[in-house]
Every structure is written in C-alpha cells, then in structure tokens.
Amino acid sequence: MRHLMSPLDFSVEELDELLTLAQDIEAHPDKYAHACDGKKLATLFYEPSTRTRLSHEAAMLNLGGSIMGFSSADSSSAAKGESVSDTIRTISCYADICAMRHPKEGAPMVACQHSSIPVINAGDGGHQHPTQTLTDLLTILNVKGRLNNMTIGLCGDLKFGRTVHSLIHALVRYTGIKFVMISPEELRLPDYMRHDVLDKQNISYKEVVRLEDAMPELDILYMTRVQKERFFNEEDYVRMKDFYILDKKKMKLAPEDMYVLHPLPRVNEISVEIDDDPRAAYFKQMQYGVYVRMALILTLLDIHVD
Ligand code: NCD
C-alpha cells in the first residue's frame with residue numbers, strides 16, 4: 001500500500017506518469033467518470049482549507065466515488081482528546097483512501113503508520129504539502145511545456161511556507177533548475193532546506209530581498225502568502241504581511257513568458273490588477289489541482305483505466 005507524505009515518495013518517472021495521466025483526465029474526463037464507483041474518500045482536516053479539501057472531494061466525485069469527512073478539529077473527536085492514530089484506525093474501517101491536513105508537522109506520517117488505507121498528506125504544519133506540489137508541477141508543465149532548464153523565483157514566506165518546501169524537494173530532481181529565493185531576512189528559507197537539500201545536491205540558487213531585482217531573469221514566479229497562523233506574535237506578522245505586492249508596475253519588469261503561480265489563498269501579495277494578465281496562472285493552477293488529485297487517487301488505489 002502506498003501513501004503520499006512527500007513528493008519524494010514518487011520517483012521522477014512515476015511523477016511524469018502521474019502528470020501525463022492528469023493531462024489525459026483533463027482531455028477525456030468521461031473516460032474516468034466511473035473509475036472509482038463504490039470507493040470512498042475521507043477528508044480529515046484539522047486546519048482550515050478551501051481548495052485542498054474541496055479539490056480532493058471534487059476529484060473523488062468526478063471519478064464516480066463518494067466522500068465523507070470533517071473540516072475542522074472541533075467537529076471531530078480530536079476535540080475530546082482522541083489521538084491521530086486512533087482516528088485513522090477508525091477511518092480505515094469506513095473509507096478506501098483519505099487526505100489529512102494537520103497543524104503538527106509529521107501528523108499524517110503518524111497516521112500512515114496506523115492506517116490500512118492510503119493516506120495523503122494534505123499539508124502538515126510548515127513542513128510539506130505534496131499534493132500542492134503535484135498541482136504546481138502540472139501547472140508549470142502546462143504553461144511552459146517542460147520541467148527542466150528553468151529559473152524559478154520563490155517569493156514571500158519561505159520560512160513557514162510548506163508549499164515552497166515541497167516544491168523545492170520535487171524540482172531539484174529535474175535538470176537545469178535554478179532558484180531565486182526572494183524573501184525578507186526574517187522569512188528566509190530554513191537552514192535545513194538550504195544545507196540539506198540545495199547545497200548537498202549542488203543546486204544553483206541565490207537569495208535576494210527585492211522582487212524587482214529578480215523579475216527580469218525568471219521563467220516562473222511562485223508567490224506565497226505570509227503564513228499568519230505560524231507566527232509567534234501578531235506584531236511580526238503585521239510588519240511582514242505586505243512586504244511584497246506584485247502589481248502591474250513590477251510585472252513590466254518580467255519577461256513576456258514568465259508565469260505567476262500562487263497556491264492561494266492570496267491576501268495582498270498579488271494585486272487584483274494583474275488577474276487579467278495572460279501570465280497570471282494561479283486560477284488555472286487551482287483547476288489543475290483537481291485533475292492531478294484525480295490522477296493521484298487512481299494511482300494510490302492502483303486503478304487503471306484503458
Ligand atoms: C497553501 C497551504 O495550505 O499551505 N494553500 C493551499 O493548500 N492551496 C498555501 C497557504 O495557505 O498559504
């Protein structure tokens with residue numbers, strides 16, 4: 001049985017297969033409409049979510065399956081003190097596959113050790129968010145036509161942003177990838193990511209504070225929200241929250257084929273004035289999130305459609 005805790009749980013070849021499957025699902029949705037008839041997905045969300053939870057649910061419904069779950073810790077027995085391991089033992093009796101989001105790093109990993117169904121990590125604290133990475137990879141592939149030889153700017157909260165951490169883990173396995181880390185000093189990429197992932201694998205990257213300085217050389221700009229819920233005090237958050245605002249003026253500095261991604265939700269970091277720019281790919285990105293999660297559910301349940 002397979003789980004998805006980190007993008008590294010799939011080899012590059014397996015990722016390629018999964019992305020190809022997602023593209024086929026987008027092109028021929030009818031072919032897959034009954035692939036999961038009779039199967040159930042449980043979504044166990046101990047932290048707020050709109051896209052991640054509902055796109056997993058939409059994915060299972062599009063495949064003909066059914067869904068169940070909870071969308072906050074207070075509406076589950078976690079509020080009575082139940083452990084993640086006991087909850088997952090329970091869910092294993094009711095569903096065929098589950099997606100779990102939890103504020104504690106490693107909680108989905110604990111769950112998969114006690115689970116008899118595949119567990120998908122739908123975000124664990126500031127650690128990882130592998131299904132967002134699948135979404136990001138599919139988006140980059142669809143807008144740029146490739147996943148190698150590219151300069152990727154990661155901007156905003158690189159310290160707490162789990163989507164950034166997972167995306168870096170996935171992208172370093174492709175060739176010719178360079179990163180530009182764009183963040184205020186206090187929200188720099190954590191040491192363990194810089195040393196253990198980037199330096200160890202000799203990945204080319206630089207760190208800058210000003211977004212304007214990075215724009216001209218980027219193929220992809222990945223914007224992120226300052227992760228309010230992970231700050232220790234409100235004051236620091238307030239000081240950091242509007243550090244970057246991507247607007248029309250800054251977009252003028254970017255190449256014609258530099259696409260802007262964002263896992264969403266956005267707060268102020270992308271001005272709505274660029275939503276109509278053909279390079280704004282973040283709304284397409286959330287749509288791709290459904291196809292890629294359909295492909296993921298099929299892969300983890302080992303269901304093949306001819
Ligand atoms: C992200 C997350 O939850 O980490 N959202 C998402 O799943 N699309 C990003 C964020 O909340 O900033």
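Note: Cβ is positioned from N, Cα and C throughout, glycine not excepted.
Curation does not apply to TrEMBL; its annotations are automatic.
The candidate list Arg89, Arg101, Arg230 contains one residue that TrEMBL assigns to the carbamoyl phosphate site with Arg51, Thr52, His129, Gln132, Leu264, Pro265, namely Arg101.
When the binding-site residues Arg51, Lys80, Arg101 are checked against ligand 1, Arg51 have a Cβ within less than 6 Å of one of its atoms. A separation of roughly 8 Å, to the nearest angstrom, links the Cα atoms of Leu264 (carbamoyl phosphate binding site) and Arg225 (L-aspartate binding site). The residues of the domain 'Aspartate/ornithine carbamoyltransferase carbamoyl-P binding' (2-141), classed with DSSP into helix (H, G, I), strand (E, B) and coil, number 72 helix, 25 strand, 43 coil. For the binding-site residues Arg51, His129, Arg225, the largest tally of other C-beta atoms within 10 A is found at His129.
Confidence annotation: the domain 'Aspartate/ornithine carbamoyltransferase Asp/Orn-binding' (149-299) carries a mean pLDDT of 97 in the model.
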